[in-house]
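Annotated features, as they stand in TrEMBL:
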ACT_SITE  A:GLU124  active site, proton donor
BINDING   A:CYS12, A:CYS94, A:CYS188  [4Fe-4S] cluster binding site
BINDING   A:HIS40, A:HIS72, A:HIS122, A:THR160, A:SER216, A:ASN218, A:SER260  (2E)-4-hydroxy-3-methylbut-2-enyl diphosphate binding site
BINDING   A:HIS40, A:HIS72, A:HIS122, A:SER216, A:ASN218, A:SER260  isopentenyl diphosphate binding site
BINDING   A:HIS40, A:HIS72, A:HIS122, A:SER216, A:ASN218, A:SER260  dimethylallyl diphosphate binding site
2 protein chains.
Amino acid sequence: MEVILAKQAGFCFGVKRATHLAFEAADRKGETYTLGPIIHSPQVVQRLEEMGVKVLGDVNEADAGTIIIRSHGVAAEELEAAVSKNLEIVDATCPFVKKAQEHVASLSQAGYDVVVVGDADHPEVQGIVSYATGKVYVVGCGDEAAKLPRMAKIGVVAQTTQSFENLKDVVNACLAKGGEIRVYHTICDATAVRQEEAKALAGKVDCMIVIGGFNSANTKRLAEVCSELLPRTHHIETASQLDPTWFSGVEKVGVTAGASTPKWLIDEVLDRIAEIDREKIG
Amino acid sequence: MEVILAKQAGFCFGVKRATHLAFEAADRKGETYTLGPIIHSPQVVQRLEEMGVKVLGDVNEADAGTIIIRSHGVAAEELEAAVSKNLEIVDATCPFVKKAQEHVASLSQAGYDVVVVGDADHPEVQGIVSYATGKVYVVGCGDEAAKLPRMAKIGVVAQTTQSFENLKDVVNACLAKGGEIRVYHTICDATAVRQEEAKALAGKVDCMIVIGGFNSANTKRLAEVCSELLPRTHHIETASQLDPTWFSGVEKVGVTAGASTPKWLIDEVLDRIAEIDREKIG
């Protein structure tokens, strides 16, 4: 079998930075926590737990030590609470997410009603929204934006993993709603580039393996776009989930991974596929 | 013949205001000038000339007296020259155009590269553009905007008579060009409302008469949209241009007029159509 690994598989810039900061903090002495899972990879979270880093659901569960702010960011109130408790803070918020939070804060202060383009249930969006001090709306698409009330000044910010097309649809709807629209293009193109490469790969292989957390939105979406082109697409978290029967009659396998998938998990999957291939021949 | 006059025929808010200010100034003593034609109606300009108001091509042609700034506005330098010459200024710039000029000035000052959506040859656009103190581009459509260079901060302002669809196309193209896009919705909907009403009227009459200056962009466009639906559409400036043969076999006539067409010209056309109708019967 020929195995083709996507160039864009695995950690994006923000996740790489967050993971590096977290392992660095774990190496130091004292109590260390992350506020929510550091990234959407249960395996990375587990490895940090083995090093003594606890995942907290609420900042009030910690009284001393170091708290690591996860890559998706947290709500403004949570960060303030950590500061007021004198916890040492390691801010691993993705710098692109941080920008989006700052834009929401400055837009609110300048009197804009804020529209955030994104998934209201995603922790990144919940964090971004919390920086608004005035009116703020979360819309998932242009049709939802079309239902917004009229506003004098509208500020638009996007969840960093949104599609550019979706941002355009929302901006178009907002143009009809207000006299002034100020848009910050906060989309990180890592997600789009990864998806485009995965689609190209799915078009030329017999089977696709997509590696990443089942709780990772970008990995789920990656598996979806591949499935649409190639039904023999499988989303797994670890090598142990590979089923040898998936590779029966397969000549070419494509492998890609979400933005929160570490290199070691990808390597384990590649090793296991090679093993399955040897078993097929033998 | 039944004659139907469009409700939206004739003067828009800005033209009505400019004309009122000009005739008021003409009634006062002393030398009075307009910088460029006050509005795009040769008949109104002629009537003002008969009252002693001269049209200047250049502010330096006046040394004393009152200078009236036309409805489309003038370049920032021209206004400054008038101020420095101690001329009395009657600013008849349409308040919507004034807003667009102010937005361009403030965007430039705030470090935005400015994109003006409009017709580069139109005096309104030339005036608006002159308020930029930094980089400024005029684009007629989205395809032209797609050719702009990348910019960090883009400010978008529209000529007041542009279509909303065109503004959307330009904004969509600009979203791919910069990190921040600030859009001022400076379009006045009088033009769109007039056109929609004219189209509805053209659909239910046998002949359309569109009255307005041959130098008026909005009147020309009004005649075009009617022509597309009803080839028997005629663009005239005055009643004397009506040709009785146009009405042969006609049962219903629609009449509309551009934003710079005064009521007296519309009334003369209606009177002349009634006369032609009587001649037909007689």
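Numbers run from 1 along the shown chain.
Keep in mind that glycine also has a Cβ here, set from the backbone N, Cα and C atoms.
Mapped onto this structure are the features recorded in TrEMBL.
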residue  : record                                                     : DSSP class
A:CYS12  : [4Fe-4S] cluster binding site                              : coil
A:HIS40  : (2E)-4-hydroxy-3-methylbut-2-enyl diphosphate binding site : coil
A:HIS72  : (2E)-4-hydroxy-3-methylbut-2-enyl diphosphate binding site : coil
A:CYS94  : [4Fe-4S] cluster binding site                              : coil
A:HIS122 : (2E)-4-hydroxy-3-methylbut-2-enyl diphosphate binding site : coil
A:THR160 : (2E)-4-hydroxy-3-methylbut-2-enyl diphosphate binding site : coil
A:SER216 : (2E)-4-hydroxy-3-methylbut-2-enyl diphosphate binding site : coil
A:SER260 : (2E)-4-hydroxy-3-methylbut-2-enyl diphosphate binding site : coil
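Cβ atoms within 8 Å of the centroid of the Cβ atoms of A:HIS40, A:HIS72, A:HIS122, A:THR160, A:SER216, A:ASN218, A:SER260 (the (2E)-4-hydroxy-3-methylbut-2-enyl diphosphate site) belong to the same-chain residues A:ILE39, A:SER71, A:GLU124, A:THR161, A:ALA217, A:GLY258, A:ALA259, site residues excluded. For the recorded [4Fe-4S] cluster site, residues A:CYS12, A:CYS94, A:CYS188 set the reference point as the centre of their Cβ atoms, and the other residues of that chain within 8 Å of it by Cβ are A:PHE13, A:GLY14, A:VAL15, A:SER71, A:PHE96, A:VAL97, A:THR160, A:THR161, A:ALA190, A:THR191, A:ALA259.
Annotation: A:HIS72 carries the greatest number of neighbouring Cβ atoms among the binding-site residues A:HIS40, A:HIS72, A:HIS122 [cut-off 10 Å, Cβ to Cβ]. Taking only the Cα positions, the spacing between A:ASN218 ((2E)-4-hydroxy-3-methylbut-2-enyl diphosphate binding site) and A:CYS12 ([4Fe-4S] cluster binding site) is 11 angstrom. Checking the recorded positions (A:CYS12, A:GLU124, A:CYS188) against A:THR160 ((2E)-4-hydroxy-3-methylbut-2-enyl diphosphate binding site) with a 10 Å Cα-Cα cut-off leaves A:GLU124, A:CYS188. A 10 Å radius around the C-alpha of A:HIS72 ((2E)-4-hydroxy-3-methylbut-2-enyl diphosphate binding site) takes in these recorded positions out of A:CYS12, A:CYS94, A:GLU124, A:CYS188, in sequence order: A:CYS94, A:GLU124.
Within the same chain, the residues at least 6 positions away from A:GLU124 (active site, proton donor) whose Cβ sits under 8 Å from its Cβ are A:HIS72, A:GLY73, A:VAL97, A:GLY118, A:GLN159, A:THR160, A:THR161, listed in sequence order. Fewest other C-beta atoms within 10 angstroms, among the binding-site residues A:SER216, A:SER260, are seen around A:SER216. Around A:CYS188 ([4Fe-4S] cluster binding site), taking its Cβ as the centre, 22 other Cβ atoms fall within 10 Å, counting all chains. Checked against A:SER260 ((2E)-4-hydroxy-3-methylbut-2-enyl diphosphate binding site), the binding-site residues A:CYS12, A:CYS94, A:CYS188 differ in C-alpha distance, with A:CYS12 being the nearest.
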